[in-house]
Amino acid sequence: MPEQALLEEVVDKVRPLLGQGKVANYIPALANVDAGKLGIAVTTIDGETIGAGDYLEPFSIQSISKVFSLTLALTLYEETEIWSRVGKEPSGHSFNSLVQVELERGKPRNPFINAGALVIADLLQSRLGAPKHRMLELVRALSQNDKVCFDKQVADSEYQHSARNAAIAYLMKSFGNFQGDVDTVLRTYFHYCALKMNCADLSRAMLYLANRGKTLDGTELISQVQTRQLNALLATSGLYDGAGEFAYRVGMPGKSGVGGGIIAVIPGELSVCVWSPELDNQGNSLAGTAMLEHLSQRLGRSIF
């Protein structure tokens with residue numbers, strides 16, 4: 001288990017990087033976040049959580065939610081039903097690319113770009129009567145925090161700026177790879193992205209990725225094989241176009257969001273969440289990546 005002093009050291013180490021990135025500004029609710037925030041939390045497979053910095057302050061998890069939605073889909077569908085509609089390959093294009101959807105005839109490259117996450121949301125909408133409520137139940141149980149909620153302001157703001165995601169959904173629908181009502185699925189998708197959680201919540205919630213699919217209370221959420229496969233996808237596609245750089249520097253499966261959060265895992269040991277709202281050119285937390293790099297170096301841990 002990393003010691004408290006190490007996490008404090010990690011936060012202090014990256015503080016000089018503040019001011020070098022840019023906060024996401026495509027919706028006001030994200031643009032107004034204090035850019036100077038820094039937080040880190042670690043949860044070990046024995047269930048202990050420690051943190052440093054602003055690790056208890058909630059933030060918009062954005063694309064980190066795509067890990068939860070894919071996990072939920074894996075509990076509801078046969079794997080062939082999922083992977084016949086979305087691929088497992090890195091994208092190489094922007095996370096909201098229309099060009100790639102067109103070129104690949106409506107099948108997204110992976111579940112962590114917007115097109116892929118929209119297909120997963122479409123699957124959940126088709127199978128669940130109340131997909132937003134089911135997601136909230138899941139993340140509250142995983143994080144052991146009943147106060148986790150959706151930020152309605154963020155969800156509404158995302159919906160008001162939804163033209164590109166709607167275009168992606170309709171393009172996939174034209175190829176027969178989107179079954180539900182586009183507007184309904186978009187509203188569900190934006191609620192997922194608008195989940196508010198803190199670093200401690202997320203490090204606890206993602207522990208199943210480090211613990212062979214078992215949650216904090218020992219329940220098997222997904223199988224050991226599915227967990228290994230999900231971690232492989234996170235290692236290759238979890239950081240937008242920065243996945244290779246992240247693997248090189250950090251050496252952990254991870255998933256980022258434009259709210260400035262990144263989750264990562266060391267299988268068999270721990271899950272970690274960092275948060276710093278300023279992003280690099282790939283849309284990943286600049287100081288957050290540096291925190292994870294420093295942590296992995298100090299722990300001497302990497303999956304490679």
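Any Cβ shown, glycine's included, is placed from N, Cα and C.
In Swiss-Prot, the substrate site is described by S63, N114, E158, N165, Y240, V258, and among Y189, Y208 the residue recorded at this site is Y189.
Neighbour counts were taken at the CB atom with a 10 A radius for the binding-site residues Y189, Y240; the maximum falls on Y189. For the substrate site listed in the record, the two most distant Cα atoms among S63, N114, E158, N165, Y189, Y240, V258 lie 19 Å apart.
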